[in-house]
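Enquirer: I'd like to ask you about the structure that follows.
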Amino acid sequence: MLYRIARAGIFKLDAEKAHDLAIQNFKRFNGTPLDIFYRQKLVSKPVEVMGIQFKNPIGLAAGLEKNGECIEAFGAMGFGFIEVGTVTPRPQAGNDKPRLFRLIEAEGIINRMGFNNLGVDNLVENVKKAKYDGVIGINIGKNKDTPIEKGTEDYLICMEKVYQYAGYIAINISSPNTPGLRTLQYGEALDDLLSQLKEKQKELAEKYGKYVPIALKIAPDLDDNELSQIADSLMKYKIDGVIATNTTLDRSMVEGMKHAEEMGGLSGRPIQTRSTEVVRRLKELLGDSLPIIGVGGVDSYVAAKEKMVAGADLVQVYSGFIYKGPNLIRDIVNNI
């Protein structure tokens, strides 16, 4: 009820201004009596995935907590894990504004943010300071001005810097808002990236005496042959997990709605069915060889359960959280 009242005011603001205001307030309220508006104690639903113990299988997807500024606040809401980022080697401003749009009637969001972030060094400092007893995943990407043929270098730089502070590392090669990025999902480019990531993981595991899993985040806009090739590469290079899916470029499910023609990736309820189909197909292709983190349109415990029945070991929320608030986490955890 409280969130519904707050949302009415928040949704009168520009979407990005509302996001920035929320982050500022979470930072300001955390640890004060005002955090009662979002703090909630949930039942424990522990699960082990990628060799990591999660206190529950519901996580915050990357993109909302880009710089790791208020990890404790999201932890207080009951998330079993929080994925921060996407972060790049160097700070970057991202794409021109406006770049974030609500499709309220569809409970969707279109973004063309472009990996705006304060850089990997800033993120690492925030993660080091965070007092959160859950799992922190760190989502890494490449800078916009790094040529795509040198993109792997950016991932390796980020991986080296975040490794000892991450519960797991997510490799984002599926954002539609960085030119050329999605080409890394295919053929030799993917194999070269995964090969070098695994080599770096082995080197860092020996250096720090701990094994940090890596998970590949893929797009929903892949046909069956492309999914099959990705699955083969994931197994070939013994990648620890796959995150399905990122946002879509498809607009067929929101045609005619306000903001539907905006460039960028569409998330939320409109991609619920497609992302679940990708999870199901990946499960058929991968079997039990590696776990799947399902994300895309998870806006209720029913939607979360559908992802898990399709084959997801963990699920993440983003757009559903924007529309439903912290109670969404409680509803999913209590009923999953």
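Keep in mind that glycine also has a Cβ here, set from the backbone N, Cα and C atoms.
Taken from Swiss-Prot, the feature FMN binding site covers A62, G63, L64, E65, K66, T86, N139, N172, K217, T245, G268, G297, Y318, S319, and the record attributes it to sequence analysis. The substrate binding site annotation in Swiss-Prot covers K66, N111, R112, M113, G114, F115, N172, N177, N246, T247. Annotated active site, nucleophile per Swiss-Prot: S175, in sequence order.
Each of these features: where is it, how hidden is it, and who are its neighbours?
Expert: For K66 (FMN binding site), the count of additional Cβ atoms within 10 Å of its Cβ stands at 21 [all protein chains shown].
The secondary structure of N246 (substrate binding site), as reduced to three states from DSSP, is coil rather than helix or strand.
The 10 Å shell around the Cβ of S175 (active site, nucleophile) contains 25 further Cβ atoms across the protein chains shown.
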Enquirer: Could you check the binding-site residues R112, K217 and say which one's CB has the most other CB atoms within 10 Å?
Expert: K217
Enquirer: Between N139 (FMN binding site) and N172 (substrate binding site), what C-alpha distance do you get in Å?
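Expert: Just about 6 Å between their Cα atoms.
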Enquirer: Determine the C-alpha span of the FMN site listed in the record, that is the greatest distance between any two of A62, G63, L64, E65, K66, T86, N139, N172, K217, T245, G268, G297, Y318, S319, in Å to the nearest whole number.
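Expert: Farthest Cα pair among residues binding FMN: 20 Å.
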Enquirer: Output, ordered by sequence, the same-chain residues six or more apart from N172 (substrate binding site) with a CB under 8 Å from its CB, or 'none'.
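Expert: The list for N172 (substrate binding site) reads A62, G85, T86, N139, I140, G141, L181, K217, N246, given in order along the sequence.
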Enquirer: How many Å lie between the Cα of S175 (active site, nucleophile) and the Cα of R112 (substrate binding site)?
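Expert: Taking the Cα atoms only, S175 (active site, nucleophile) lies 9 Å from R112 (substrate binding site).
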Enquirer: I need the least crowded one of these binding-site residues (N139, N246), counting other C-beta atoms within 10 angstroms of each C-beta.
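Expert: Relative to the other binding-site residues in N139, N246, N246 has the fewest Cβ atoms within 10 Å.
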